[in-house]
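Asker: Here it is, the structure in full.
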């Protein structure tokens, strides 16, 4: 082969210069080179011998070519220039030293010959016998010295030849390892692409959700698990982590007509009256008709015209790893982040977004049954996550004392106020009053950890909801949000954990489970399931759906104990009526992908409004600059605001030290519109609204507001 051919080898080739050629029998030839072995078969022994002779000649020629060519020859062509330069530099140095030794050898030989001539001349002189013997001994030693120096030079020359020979072998070994590394990288990249393709195919495959859309089966007269009937497939998947999260109960859809005829014969842990489910004046029926097109109903009400779009998000590139590599294990709120990772909303505004489906609470007010009301409260608790499915950007951390108001009293009957009441740890207090019969309040502290591959966001604190007419007081807590593929791949968000909603007046409970995403699970992605039960533990409703699309409610007419699961737990079988849709997500506005995937409500949250407090998030300059697409200016402004806040904190710390030295008490930062009290229900110390904000707004008296911007 020519050098060009050797430089572009393909599958099925072998390097003859290092190959072993053997014969197995009269017709077979074996070529081996490292891990590769090729078996060739000739038609006859004569043909085999001709091939062996030709291969041996080709091998000898390849060896000569390898020895005569430079180190950057064909098969070593991909070696890096830096490695070649270093190797050539080493050989050049050795050659230079060898030349120096050769020069020294010539000088030694020259001076040694002169010394021997001088000694010979001394021997020819007539000297005493004793002197002649000494001169002869010196002459012999000079001869030995010259022989030794010649041997040293020859050994150095042999060493250089050996180094040149082995350097080629080392370079070939290095090139082989480099090629193996490239193949491995290509294989890993291909596997990653296949993995992503499989994930997309798995998520989009209609067969994964056709058998069951939650926990309710559409088949009548049969009992099916949400995981499917027991089969060989289940035995195969029992090793996967998804099997650990198998549902604790099974549901089947009952026939209402059948239960009207034989309802008196039902027995079990819990029973219901199916005819109640289809009353025309039922709140569930009205929710079915209105939840699909609530926005249309809203348009019928007189309201202020709000904006429907914001400037498109600029396409700025950013090296994420250069920023994130020093942040592993740190609290997210303490990491200085550029606005490139943000969306033009503050955490206070994101908290207010929980009210997007406030009409669920308006419907819950009309419920006469507390368990029925619990279903709407559960749907509302799930609906707050629907906006997060595409929202992978981080909201702005509010400054201490920052506020946000959302006054929709005339349009939707509620007004909301948030205030950042603590900076480290970051905590926000939220209060919502609705003239339609409910009040909601909460204090949320965000704990977050960056773990390299993913980011965990853990909201701490309870959410309180009270209905004015009934006095029903509901309390629940949020689940953990996880942002995946922080470093490599497309960002995506998952919600996981459990929510327990408790009515502290009637002791009704609802247990909701957010199933985490699993590659091996056959469940619907983002699945949420739950059961509503009364104070006695009697189950009344089954909740099912997904946190990014809709929630349904099924009335239980009969419950019984089913078979034991593979984990040894006994499952409960619920017979239910057909499910009713309580909540369905509104479609995103047009061009949402270029507007941070904001919903219709989110697009209006940062819209400038008059008469708001000077601490309102709408007036925050860095956030406003980012929304306008001026990100560089926004980063500068963000650093200024954060440094201003640090200066205030240092001054407050100095005041605390001074008060301590003087033996005085120091209260620290005191929230402006909220005050800390011990909650009578949970026993926790939380910030509750103390009043005064809306009165100050009416008077436009903001004299007590701090200067934070």
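Just so you know, glycine gets a Cβ as well, placed from its N, Cα and C.
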Asker: Can you say which of 118-145, 146-173, 174-201 is given as coiled coil in TrEMBL?
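Answerer: Spelled out, TrEMBL records coiled coil over residues 174-201, not the other listed ranges.
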Asker: In TrEMBL, which of 202-237, 310-345 is labelled region 'Disordered'?
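Answerer: Of 202-237, 310-345, TrEMBL gives region 'Disordered' for 202-237.
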Asker: Between 254-278, 279-303, 354-378, I'd like to know which one TrEMBL lists as region 'Disordered'.
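Answerer: Range annotated as region 'Disordered' by TrEMBL: 254-278.
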Asker: Write down the single range among 42-64, 65-87, 88-110 that appears in TrEMBL as region 'Disordered'.
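Answerer: Going through 42-64, 65-87, 88-110 one by one, TrEMBL flags 65-87 as region 'Disordered'.
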